[in-house]
Amino acid sequence: SFIGEESVAAGEGSILTDNPTWIIDPIDGTTNFVHRFPFVAVSIGFVVNKKIEFGIVYSCVEDKMYTARKGKGAFCNGQKLQVSGQEDITKSLLVTELGSNRDPETMKIILSNMERLLSIPIHG
């Protein structure tokens, strides 16, 4: 099976089943792309039994290929990635995306979550 982000965003229905499924977003960062903000990627995931098996993200502008496989780790251009180990949230950087859904109830939830995050003394 195939699920394409652009077709789902356009209103086409999509149901994730237990079948092996490719999930593809050919322009991940569509808003960035439309506004010529240079951070866009091609994202591909492969799911079996509703569980991700592997994913690939190609960051076009940076010419970086990110890959990850369940139980095998994550890599950038073949180099193993690891988390920073930072445990103090006040020394972390918050990066967020508000999403495109402007439904009043959804916005209320998003803004409430943002308010809770921003009350923590973080960088962002």
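In case you wondered, yes, glycine gets a Cβ from its N, Cα and C as well.
In the shown protein chains, 20 other C-beta atoms lie within 10 A of the C-beta of Asp28 (Mg(2+) binding site). What TrEMBL records for Glu5, Asp25, Ile27, Asp28 is Mg(2+) binding site.
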Original post:
Glu5, Asp25: which of these binding-site residues has the highest Cβ count within 10 Å of its own Cβ?
Top reply: Asp25
